[in-house]
Amino acid sequence: MSETLERWSTRRAFILAVTGAAVGLGNIWRFPYMTGENGGSAFLLLYIAFVLLLGLPVMMAEILIGRAGRRSPMQALAHLAGQAGATPHWRWLGLFGVTTVFLILSFYSVVSGWSIEYFIESVNGNFVGQTPDEIGASFNAFLADPLRMTFNHTLFLLLTLSVVAAGVSGGLEKLNNLLMPLLYLLLLVLAGYAVTTDGFGAAAAWLFTPNPAAITVSVVLNAMGHAFFTLAVGACALMAYGAYMPDHQSLPKAVAAVAVLDVTVALLAGIAIFSVVFSQGMDPGEGPGLMFVTLPIAFAELPGGAWWLAIFFLLLLLATWTSSINLAEPIVATLQGAGLRRGRATALVGVAVWAVGMLSVMSFSTMADVHWFGEMTFFDLVTTVPTDIFLPVGGLLIAIFAAWVMPRDTVVRALDAGPRGFRAWQATVRFVSIPLVVIVLVSGLL
Ligand code: TRP
């Protein structure tokens, strides 16, 4: 378990890599439908509060552990625990994270497959001239077709694992460089268009007018889970990227840049999608199909809409690609740490993720009647429990390790924000983030 010498080539490359991990389905697909199901502005406000009070400090904790350990997550945790005179059992936190990203990747690949399908359909011009009802019906027909769903899920997983098998560094850096600015630009165009529609006023009111009455325990729990999910925090996946962080770079500054990019992508997507929802008189609480139904409707009305739509799904696909690479990397690295060759480890991860993903595929058709804990299909289960429970529990343990277990000097060096920056970070994690996760988790579970 010797130290890795690999580094991201520049400070900007590190920020782009972490942004690539953070920006994905969470911002463009999950954020709008969760906001729709959880009372609009109430969810948005809580989500932003959790990003600031929890997401950012814990993200710094997670990355600094990787940076100080300069090894794969399990090995870094064991090494640093040894240095601090703490129990080596901390390494099981790495395995817990691997389990979490494994479950997330299994449905992530299925939903990214939907983007492949929609990319191809928009290139073929399939949505042109369709009414909103027809667009909604064709989405449901797609979900009910396990063969098409399986094909896209398999294809996306192969795309992800081919990059992971080759090693994450060089290629991923280039992809990120090109992609993030393009995605941003397109979302700006889309949101700019949304502002001109007659649904924009209602969307803005619904997103930004405070509505404390809508806040319930489950809304709070969902918002906390989403803050972790969208920042890619709580599963030791960013710990793996932190191990390659260059030596002279302030962690708080890097992380703040990532969070600003991440939140603005979500806001732009939310404005675009909800303007369509309200101008078409649709239901914001539509669920996971929200983006796939609203965006084809929106683009169908733009000049050259079929092309815009195709470009949008292509960019979304690339954004989910860099996220899923981040999800797969810690699983492969852990198997590699256990002695497997990289190629074989990747193949094994592929087969296992594919099989579990198939349960999500079938939960829309052949397994639609199989329910867990009452009403939930497998897809409902795997899109909620790992995100709302496992990520916060993982984040809590990561925070405890960095703020209470690791020696002060190691943390000061890995945070790279001077003694005052360190004290502010430590006080926030110890007295705000940790108690907050505990309170929300406990009240959510009771
Ligand atoms: N943040 C990504 C998104 O919003 C998903 C993701 C990538 C993730 N890596 C992660 C979530 C690690 C949790 C943990 O789409």
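Just so you know, glycine gets a Cβ as well, placed from its N, Cα and C.
A TrEMBL annotation is a machine prediction, not a hand-curated record.
Per TrEMBL, the feature transmembrane segment maps to 12-31 (among others).
Per TrEMBL, transmembrane segment is recorded for 43-65 (among others).
For 92-111 (among others), the entry in TrEMBL reads transmembrane segment.
Annotated transmembrane segment per TrEMBL: 153-172 (among others), in sequence order.
Taken from TrEMBL, the feature transmembrane segment covers 184-208 (among others). Within its own chain, the transmembrane segment (184-208) is flanked in space by residues 28, 35, 40-41, 44, 261, 265, 268-272, 274-280, 284, 298, 302, 308, 311-312, 315, which lie at least six positions past its ends and keep a Cβ under 8 Å from the stretch.
Under the heading transmembrane segment, TrEMBL lists 214-242 (among others).
Marked as transmembrane segment by TrEMBL: 254-278 (among others).
Outside the transmembrane segment (306-327) by six or more residues, the chain places 20-26, 28-29, 101, 104-105, 108-109, 111-112, 115-116, 118-119, 122-123, 125, 127-128, 156, 159-160, 163-164, 168, 172, 175-176, 179, 182-183, 186, 189-190, 232, 237-238, 240-241, 295-296, 299-300 with a CB less than 8 A from a CB of the stretch. Under the heading transmembrane segment, TrEMBL lists 306-327 (among others).
With a threshold of 8 Å between CB atoms, the same-chain residues lying at least 6 positions outside the transmembrane segment (347-368) that come near it are 102-103, 105-107, 109-110, 143-146, 149-150, 153-154, 157-158, 161, 164-165, 328, 331-332, 335, 340, 377-380, 382. Sequence annotations record features per position, and here TrEMBL assigns transmembrane segment to 347-368 (among others).
Residues of the same chain lying 6 or more positions beyond the ends of the transmembrane segment (388-406) and with a Cβ under 8 Å from any Cβ of it are 54, 57-58, 60-62, 64-65, 68, 77, 80-81, 83-84, 86, 90, 93, 96-97, 99-100, 103, 221-222, 224-225, 228-229, 233-236, 239, 426, 429-430, 433-434, 437-438, 440-441, 444-445. The annotation transmembrane segment is assigned in TrEMBL to 388-406 (among others).
The transmembrane segment feature in TrEMBL is assigned to 427-445 (among others).
When each of 12-31, 43-65, 214-242, 254-278 is checked for Cβ pairs under 8 Å to the transmembrane segment (92-111), 214-242 comes out on top.
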